[in-house]
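For reference, TrEMBL has these:
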- Glu55: active site, proton donor (ACT_SITE)
- His53, Cys83, Cys86: Zn(2+) binding site (BINDING)
- 1-111: domain 'CMP/dCMP-type deaminase' (DOMAIN)
Amino acid sequence: MEFRSHMDTALSEARASASRGEVPVGAVVVAPDGRVVAAAGNRTREMADPTAHAEILALRAACIAAGSERLPGHSLYVTLEPCPMCAAAISFARIARLYYGAADPKSGGVAQGPRIFSHPQCHHVPDIYDGLSAAPAEALLRAFFAKRRP
Ligand SMILES: [Zn+2]
């Protein structure tokens, strides 16, 4: 099957997050046949839930759709490098491929910080592709945080 990036969908979820006053991060889960089965943006403030990151919400919705807590063969697209919590959830869900946009030196858990997937206690490691549409993802985050600074 020809590769088709779903980062544009993730970016529109990120933009929708920003318009709700949430940190602009968006995530999309794609089934093995190429169907988008879930898309979500951050809702931590709205849901008063520190775990309501875009990746977690997208994984939950995709698992409900699949009727399974595991999503073998699925891909996850996210505009920002996943945090340690989301990286662990991606591993638990057996996501096959992780595509992410901007690097997150402050809170990332994949290429920096805890590097969740590099530990022997991490029992499933997805194929990882970083830097996809990183520039627009970074621009969204920069604009969001610039506006919030007094
Ligand atoms: Zn996260």
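Along the chain as shown, the residues are counted starting at 1.
Glycine is treated like the rest: Cβ placed from N, Cα and C.
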Can you tell me how the residues of the domain 'CMP/dCMP-type deaminase' (1-111) break down into helix, strand and coil by DSSP?
35 helix, 23 strand, 53 coil
Would you mind reading off the Cα separation of Glu55 (active site, proton donor) from Cys83 (Zn(2+) binding site), to the nearest angstrom?
9
Nonlocal neighbours by CB distance (under 8 Å) for Cys86 (Zn(2+) binding site), same chain, sequence gap 6 or more
His53, Glu55, Ile56, Val78, Gly109
Give the residue from the recorded positions His53, Glu55 that has the most other Cβ atoms within 10 Å of its Cβ, counting over every protein chain displayed.
Glu55
Residues within 8 Å of the His53, Cys83, Cys86 Cβ centre (excluding the Zn(2+) site residues themselves):
Ala54, Glu55, Ile56, Pro82, Pro84, Met85, Ala87, Ala89, Gly109
I want to check the contact list for Cys83 (Zn(2+) binding site): same chain, sequence separation of six or more, C-beta distance under 8 angstroms. What comes out?
His53, Asp104, Ser107, Gly108, Gly109
